[in-house]
């Protein structure tokens with residue numbers, strides 16, 4: 001055993017209960033001879049968490065934590081991100097990306113509580129999650145030791161993993177494994193790998209979990225009203241809900257109508273392209289509703305500046321920089337812009353589409369029908385438009401004159 005391994009006595013493992021992290025748990029015990037604390041975060045995975053405690057203990061965990069973080073997840077991570085209207089490469093609502101900082105945060109809290117000198121995760125050396133987890137770890141403890149088995153061990157094939165599991169008494173699922181991997185929380189479920197690596201092949205219908213096929217969704221549209229306060233959704237159809245309850249409810253409504261499916265070939269942080277298929281029914285509805293209320297309450301120039309920051313904000317979340325000073329700076333600016341975002345959006349849900357059909361704000365509306373009408377009013381003199389246009393066209397007219405002069 002190397003000195004580095006001898007220095008590690010207590011490890012907190014981010015444990016999902018799946019075959020890979022079960023093998024990692026046993027591998028940590030075998031290779032390091034250390035105490036292993038297994039930690040699973042309940043972010044809304046549902047039934048996936050039911051067997052986790054028993055499986056972790058059976059595999060050799062000394063202590064098991066299963067923490068319900070659903071409200072914190074939506075309130076402190078999803079909602080701030082949605083106040084920014086963050087979207088990565090025009091399609092991805094960052095459901096996996098935004099979950100990792102919270103898992104890392106709680107994992108480090110457990111490490112401090114349990115006196116652990118190292119943390120471990122099951123992310124591969126080719127993916128984004130290794131970066132997201134470890135940037136979070138170092139934020140909370142710059143000196144923490146990190147064990148990332150996928151970057152060091154020799155179990156480099158699925159068969160090698162299965163052989164190791166059988167050798168160490170870890171149950172291997174006897175049912176045929178679905179030919180893709182998935183990750184689920186309250187915001188979304190993602191699918192990647194396996195048959196999805198053929199970028200031309202359509203994702204099979206049996207893959208989808210949260211959403212009805214749009215063509216099989218109800219033939220009658222459903223209308224939903226979502227109320228916002230300071231940029232955060234607080235009620236659906238007049239019923240107040242907690243953040244987690246609200247997102248779960250929108251997931252149910254959106255799922256019924258086939259809303260929120262995305263098939264994307266995205267650029268990973270490490271440089272390669274990767275295909276991901278996502279279901280984000282509630283998040284898709286929430287973002288559309290939020291933008292609708294912004295349309296009636298937010299100043300044009302404030303919106304223009306904020307919109308210019310969305311790609312950078314989304315990149316920071318995607319790349320794992322949630323705890324960075326630059327993300328916090330952007331968040332402060334964005335949150336200041338949300339003080340006026342108070343109102344209600346009315347949306348129409350129908351066969352995969354989510355469309356705004358109305359918006360209102362009793363306290364912060366900047367829309368005045370008297371000003372917007374084509375009828376005469378006391379505020380706007382239409383003749384003033386001529387001077388406005390001539391001033392704004394000055395640079396264009398000068399450019400045209402200069403180009404004409406060059407041709408002479």
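Every residue gets a Cβ built from N, Cα and C, even glycine.
Checking the candidates 115, 122, 125 against Swiss-Prot: the one annotated together with 14, 15, 16, 17, 18, 19, 20, 21, 22, 41 at the ATP site is 122.
Annotated L-citrulline-binding residues in Swiss-Prot are 92, 97, 128, 132, 181, 190, 278, and among 114, 205, 266 the one listed with them is 266. Under the DSSP three-state reduction, residue 266 (L-citrulline binding site) is assigned to strand.
Cα-Cα distances to residue 97 (L-citrulline binding site) place 129 within 10 Å, out of the binding-site residues 20, 22, 122, 124, 129. Minimal Cβ crowding within 10 Å, among the binding-site residues 92, 278, is found at 92. Applying an 8 A CB threshold to same-chain residues 6+ apart, the list for residue 124 (L-aspartate binding site) reads 130, 150. Taking the Cα of residue 16 (ATP binding site) as the reference point, the closest of the binding-site residues 132, 181, 190 is 181.
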